[in-house]
Amino acid sequence: MAASIGPKSIPETITRQTKGGRKLKYTLTVIQQPERARACGSGAKSSADRRPVDPPPVVQLRIYDETDPRQEKEITFHYNANFFLFATLEVARNIAQGRVQTSAPQAPVLTGMPVSGMAYLDRPNEAGYFIFPDLSVRHEGQYKLSFNLYEETKEEKDTDIEPSNDSSMRQMSSAAAAAESSFDWRMELKSDQFTVYSAKKFPGLSESTDLSRTVAEQGCRVRIRRDVRMRRRDTKPGGDFGEKEDEYQQGRATSPPFDYNIQAARQRALSASVHEDPQQRRGSGEISPYHSPVVNTPFRTPSISPSTPNAPLPPGNQLGWIPNGPGYAAAPSIQPPHPPPPPPSSYPQSMPATHHNQGPSTQFRQQPPQGPPPAPIGYDERRSSYSQFRPPTNPSQQQSYESDYRRMSFGYQIPASSQGPQPIAPAVQNPAYNQQSMEPTYSRNPPAYSTSFQDSVALAPLRAAEQPLAMSPLASVTSISRGTQNSAPMPSHNYNKLERSGSYSQYAPIEAEAPKSTNKRSFNDVFSTPTESLSNGRRPSAIGIDIEENTRKQEQMIYRRANGNIQNKPAPGLN
């Protein structure tokens, strides 16, 4: 079944007589007319951005042998000769000459491949076909294509009887007349008029026709354009005309629809805020989000705020290293009078109530303090919370020197039988020294523990005085004072040596009441390592041995030089 063919032009027919006595008839027909084209211009990019004439012109040639008028025979496939068709471009409407004599206008330029050889195809019919798939026009306008047929005979019997004269040569076009004498011009055929559009007005290339597909299927190089969805094949380099995508459709391919999500993400990426929280974006006058942790500082704990909603913060407590204001030293003086301790008989029942039940201390804990309560902050939070419960005998004394001693005295120096109520039980309640649980309890009720702490302070000398009774009768007076120092609080995990030296200074009145020896010995003399065996109950710290050593040292005049050497000289008064 023959493929459908577009509108044909009027066939052009010629007849010639060969030397062999045969009469040949040539029939030339344009079976596919050009319709539109896009002007490619004459600039530097004209060759890169060029569109072919659409659809590609196809010319059919048939040759008949009319030697016998009663029997016409087609000999296209059996005739031994070479044919080619040369295409030229002509203006469809002639331009009238003006009055002013001007130079002849330059002819329209046809670019591409204007020459086509004959292809012997079986479809749509058995004939010879000339295909022009690569013809382009540089300027826009109305044009026609002129096709000139040339033949190269191979056998002597097929040449013309009469040689070509000057008259016949003048009838040929200028392009055909310039051909070599070996080629014989046979005929000229013109196509229908078509329009060349500018780049802005060009409607686009149409889909390939059935004739173009039929020709391409038989091996001819024709660009096949399918539907719009298969027009982008820029990833395939090179290729056949039937497989390569049309360049114009690649240029006319519509851009993807505008995606607002992609554009918004691109803008955020350019502003370096892709992962930034929108709330953290601020202007020049807004507060930086990095200043917000100042509000959530450790001294503003949630447990203090509900109990003291209207209590103002004491001055100087915003930072841990700023000392308290002058009003803090006078704060203990405005405390309410201490309530009298309950009777000793109620002590066993008040102790569990302090730990588990809401006793009187719990009710007093809910009341806001009368004066500006000191807020424990910074590194000395635990020590500051304990230091505010001691009745200030000397308000100018530093509170950091007495923190660890009072805390450890709760658990080591106060016997349970000699105490009245149990308001100091919360100190033993927290063996792990939980800071968050201890601070709110002590900071809300300083008067509840002030009286009980007076008892602990008053009982400290009794503890120190009872210890020498259990010691050896040979112990010296200095060992008694040393035992008193040993009963001091044991160092904790955050115990500081400077604080330990300051806490020992609180026992100065206790050491003054105890009898002292006239000969004060150094630490190395008392705790020296024994070099001889001890027998008969002798001790390194015996009084007799110490007196002999002191007497011997005074007689020998032993002293240490600045360089560390020990000098031994007799005393000057004993010589």
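Every residue gets a Cβ built from N, Cα and C, even glycine.
What Swiss-Prot says about this protein:
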- 21-225: domain 'Velvet' (DOMAIN)
- 35-40: motif 'Nuclear localization signal' (MOTIF)
- 274-284: compositional bias 'Basic and acidic residues' (COMPBIAS)
- 334-346: compositional bias 'Pro residues' (COMPBIAS)
- 465-509: region 'PEST' (REGION)
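Under 8 Å from some Cβ of the motif 'Nuclear localization signal' (35-40) lie the Cβ atoms of residues 46-47, 49-55, 111, 135-140, 194-199, 202-203, 206, 248, all in the same chain and six or more residues away from its ends.
Counting residue by residue with DSSP, the motif 'Nuclear localization signal' (35-40) contains 0 helix, 3 strand, 3 coil. For the motif 'Nuclear localization signal' (35-40), the predicted model reports an average pLDDT of 91.
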